[in-house]
Amino acid sequence: NLVSFMVFIAPVPTFYRIFKKKSSEGFHSLPYVVALFSAMLWIYYAMVKTNVTLLITINSFGCIAETIYVAIYFTYATRKARMKTLGLVLLLNFGAFGFIVFLTQILCKGPKRAEVIGWICMAFSISVFVAPLSIMGRVIRTKSVEFMPFNLTLALVLNAVMWFLYGLLLKDVYITVPNIAGMALGVLQMVLYGIYRNSESNDAGTKKELPIVVKVDQENPTKVNSEVYPVDIPSMDSENEETRDGNSQV
């Protein structure tokens, strides 16, 4: 529970940055929406299976934390990102979760219900670990670890190790198996961080150049000065407005 608490609070610096800059920048909401869904499923599994209080306590905190993260992201994201996030929340946290609860309550009885929910939890726990693969692809493409915080990656690895051992001792395959994938993907993320942590970003979107114009001799318009100057577009617009204003007064 202590290690999982570290995982849930690890994104705090990221969302403080989003709050401070009033922009979601290049971050994605998918890992946090999926993490919220996974926490909801584990609470449901623990309530059905019973005698796994640790799962209920930490995932209850996880639901609160992930809800806050998604709300902050939704507040400062672009309109397109907001609509995408809203769609994910409605699809997973309301539609899919409600559908799973309905089917397992109607179709499954006794110990079989816990087994079915366990398989579903295992599948979506793996998806939580797989979700950052999009970020890993961006790291490789841009050669920048700006959007893959090291503290979150380290916390995920430690969390996977601890829950793997916990599941192993309980002989609970639904807890043990997904954390094997979590350990493997977490180590891979740390390797990428070590490779690219000192690299400069190759993201073309971060490199912008001012347009270049040729300066014309005002006294002799047919004569072109060989000097070139970078021009700020807004300043050109303001000069054009002043020229129009001057002409209207003549």
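Backbone N, Cα and C define each Cβ position, glycine as well.
What TrEMBL says about this one:
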COMPBIAS  241-250  compositional bias 'Basic and acidic residues'
REGION    231-250  region 'Disordered'
TRANSMEM  30-48  transmembrane segment
TRANSMEM  54-74  transmembrane segment
TRANSMEM  86-104  transmembrane segment
TRANSMEM  116-135  transmembrane segment
TRANSMEM  147-169  transmembrane segment
TRANSMEM  175-196  transmembrane segment
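Under the criterion of 3 or more C-beta pairs below 8 Å, with sequence separation of 6 or more, the transmembrane segment (116-135) and the transmembrane segment (54-74) do not qualify as touching, having fewer than 3 such pairs. When Cβ-Cβ distances below 8 Å are used as the criterion, the transmembrane segment (54-74) is approached by residues 1, 4-5, 8-9, 11, 15, 18-19, 24, 27, 29, 32-33, 35-36, 39-40, 42-43, 45-47, 81-82, 85-86, 89, 166 of the same chain, each at least six residues removed from its ends.
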